[in-house]
């Protein structure tokens, strides 16, 4: 059987804060105002043991402080500081901290090899459903974020959250929105297809998205999205990943100790996952948090460190 390749990112997630002004009905991550903010000493204490461990990506994943909150500047400075420490220790940051201003995106571009924001579903209808109390989930705000990332030339990850009350037509519309943005800017490296997976902290009583439904969305996405966009599926949220790979998915995302967004669903052990995939003819390989064809879009100051990681990854692939 010919072996095919599927990738993952050896990652560790840092959460600056779970405080978030959104109250999405399906969320198992957020906390109210007053939740702890990560302190500088904590960042170093968490990252230092990871040096030399094989972890490359530091995923900075944060709750959102409202743009008009007087603490917004302090919140954003904390995120910048976390990225700077990660770079200092030799890691490659990727930040997803919600909807940002153009200037905030420009600032993070200097400290991250890529950024991310889930488009989720490009439909205002859900503002009367699971996004009723989530002001930053207005689709126009999120598509603007993807547009700005393209204008700035930032390698970008986005995705759909599936099974949150959307229709099949809305899924297709969302994929076509992403495809149009990619046609304009060429900056989108991957699209995550994330099935809603109920957790113990959410307020919405929605059912999980079935594997058969997800399989159909993967096939549709591969038909609609440009070929250079990789389709990602989260291995801890699906039953058997192999049919999804056969349908066109080629990445399993960042795999680390804990899935902080879906804490009820443990990440698989990479070695066991690799064995399982190998039995089906797939080779599991690590990747960086920016895809090779977008390396040149990464900020000049980050190119030496990125080059070191790219060379190390290429060397490992031939030994």
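Just so you know, glycine gets a Cβ as well, placed from its N, Cα and C.
Straight from Swiss-Prot, the features:
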type    : residues   : note
DOMAIN  : 6-236      : domain 'Radical SAM core'
BINDING : 20, 24, 27 : [4Fe-4S] cluster binding site
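Residue 27 ([4Fe-4S] cluster binding site) falls outside any helix or strand according to DSSP and counts as coil.
The Cβ neighbour count for residue 27 ([4Fe-4S] cluster binding site), using a 10 Å radius over every protein chain in view, is 20.
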